[in-house]
Amino acid sequence: MFQRTHAIARKFDLQGSVIYLGFIAIFLFFAVTLADDGFLTTRNLSNIVLQTAPATIMAIGLVFVLSAGEIDLSFGSIVAVAALSAAVVMQEHSMLLGILAGLGAGLAIGWLNGALVAYLRLPSFLVTLATMGLFAGVARSMTDLRSIPVISDVFTGFFGSGSLFGIPSLILWTLGAVIIGHLIYRETRFGAHVIATGDNPRAAQVSGIKVPRIRLAVLMVSGGCAGLAGLLYAGRLQAAKYTLGESDLMTVIAAVIVGGTALNGGKGSVVGALVGSLMMGMLNNGLILMGLSVSDQMIVRGLIILFAVAISLRGTSRA
Amino acid sequence: MTGTVEAAARPVLELNNIHKSFGGVVAIEDFSLDLRAGEIVALVGDNGAGKSTLIKIISGVHAPTSGSIALDGEPVSFSDASKARSSGIEVVYQDLALADQQPVYMNLFLGRERLRGPFGLLDRKAMMQETQKLVDELDVRIPSASAVIRDLSGGQRQGVAIARATHWATKLILLDEPTAALGVAETAKVEKIVLALKERNMATLIISHSLDQVFRLSDRICVLRRGVQVGVRETAKTDKNEIVSMITGVA
């Protein structure tokens with residue numbers, strides 16, 4: 001019986017099945033304790049999804065990086081640089097050019113990370129730790145700490161407050177990214193090579209997989225995802241600022257790990273990362289509704305993440 | 001159809017006067033060996049005799065300093081391992097080179113995945129079926145083609161690695177100590193799989209430290225000592241004492 005459920009879990013890509021239980025448990029807890037505080041209203045629940053959209057997109061990129069046995073710590077800084085690049089370019093030029101600038105900045109920083117890791121064989125932890133600081137500085141100096149407004153209605157509609165057939169655009173971005181990310185991860189040769197590289201780089205290499213190219217590619221995927229997340233932030237807030245993405249590092253890494261992606265490679269889940277990200281968003285939202293002060297929120301959130309990561313890591317290592 | 005007898009007699013692999021030195025250190029000195037289809041040749045020698053270097057030369061990891069290699073009579077020079085692989089040479093490495101967290105079928109097709117449809121998506125079903133057929137043929141007893149490597153025993157893993165090599169090799173399989181880490185029963189199973197390669201008309205070169213195993217499996221035994229080819233014997237016409245004295249150099 002256990003084996004059968006396990007096989008089913010595998011089939012539907014639910015390796016880190018602990019997370020689904022955790023998700024439901026937290027949901028029920030807030031639903032009961034915060035019933036009178038509006039947690040269960042459609043408006044609040046859809047708000048949670050809207051607010052987590054950028055984090056979910058970053059998390060999808062990180063699933064690829066971790067699966068390949070690398071790490072990216074710089075995506076938060078990439079978010080800020082990408083959002084500011086887009087906003088600054090849009091002040092003078094067309095919206096399209098602004099979008100390209102934002103995505104291009106993300107891909108370019110991802111390429112820099114990837115090239116240092118893949119071809120100079122520097123550890124990704126150190127490379128992205130350095131570029132995290134480097135590009136946080138770049139983001140600050142780009143506009144002298146000023147916030148840049150984004151006035152294009154088309155842009156803010158497309159990346160923020162708009163909707164299609166009544167579905168908010170941020171939900172569409174999330175769904176689209178999860179579906180495409182899942183397909184690439186599970187159903188393409190590239191995805192298989194990413195996973196194999198993280199599982200056993202030597203086996204991948206002797207099997208003819210171009211391991212350096214995979215390492216470069218996953219860090220570019222992460223950079224590109226962070227770039228898109230930057231556009232979503234800029235669209236939703238109708239402005240870009242150097243603080244965007246600053247506080248997402250812990251949340252996104254926790255979402256991905258809790259979602260069943262192995263920290264040391266070879267295993268991961270895009271759908272799990274979505275659920276992990278929603279769980280983190282729900283946690284944020286619930287703690288605010290409970291009326292906790294900001295410092296108490298940070299403490300409680302840290303403890304819960306610690307607990308959730310511990311449980312999901314134990315669950316996966318036993319499987 | 002010109003002379004099938006002749007074709008069968010012609011060696012699959014010919015190594016002629018292979019010499020390899022790293023800087024000033026001579027690793028292999030004047031090595032020559034022919035391998036025929038359906039034949040198992042054992043390569044024996046003490047640690048540091050040059051067995052692994054030789055495997056690396058044949059599989060394209062190292063280029064020989066001098067000497068020539070011919071496959072099916074055609075001279076070849078492999079610039080890297082993927083060239084040797086595409087010429088039909090497969091290696092079963094000592095560490096097996098398997099991705100532990102992946103299913104058997106993904107390992108079998110690692111780097112050479114089957115795709116389907118206009119978007120080139122992975123054809124898991126076809127890979128699973130082919131894998132199942134192959135492991136059944138070779139009698140590798142695993143729970144299923146979608147079992148994860150980590151859940152398999154050492155012998156089963158070795159079986160999977162050999163099955164992968166068998167699937168892709170068209171000419172030659174190199175086995176680097178295939179049973180070094182296995183128990184008695186598992187070793188027997190792997191030896192059965194190796195013997196089955198003969199029936200598939202594969203040429204096999206096996207490195208082993210177990211002389212008992214060498215005598216059970218091989219048709220010929222080639223002895224290396226400190227990079228020097230001491231001699232080649234037909235297994236049926238020699239005994240352990242002779243091979244041991246050839247390995248150690250003590251008469």
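Backbone N, Cα and C define each Cβ position, glycine as well.
Over in TrEMBL, the protein carries these features:
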TRANSMEM  A:12-35  transmembrane segment
TRANSMEM  A:47-66  transmembrane segment
TRANSMEM  A:73-90  transmembrane segment
TRANSMEM  A:96-118  transmembrane segment
TRANSMEM  A:125-143  transmembrane segment
TRANSMEM  A:163-185  transmembrane segment
TRANSMEM  A:216-235  transmembrane segment
TRANSMEM  A:247-263  transmembrane segment
TRANSMEM  A:270-292  transmembrane segment
TRANSMEM  A:298-316  transmembrane segment
Counting Cβ pairs closer than 8 Å, which of A:47-66, A:96-118, A:125-143, A:247-263, A:270-292 has the most of them with the transmembrane segment (A:163-185)? A:47-66
Contact between the transmembrane segment (A:96-118) and the transmembrane segment (A:216-235) (3 or more Cβ pairs under 8 Å, separation 6+): yes
Count, for each of A:47-66, A:73-90, A:125-143, A:216-235, A:247-263, the Cβ pairs lying under 8 Å from the transmembrane segment (A:270-292), and report the range with the highest count. A:47-66
Cβ under 8 Å to the transmembrane segment (A:125-143), counting only same-chain residues 6 or more beyond its ends: which ones? 71-74, 76-78, 80-81, 84-85, 88, 109, 112-113, 116-117, 219, 242, 246, 249
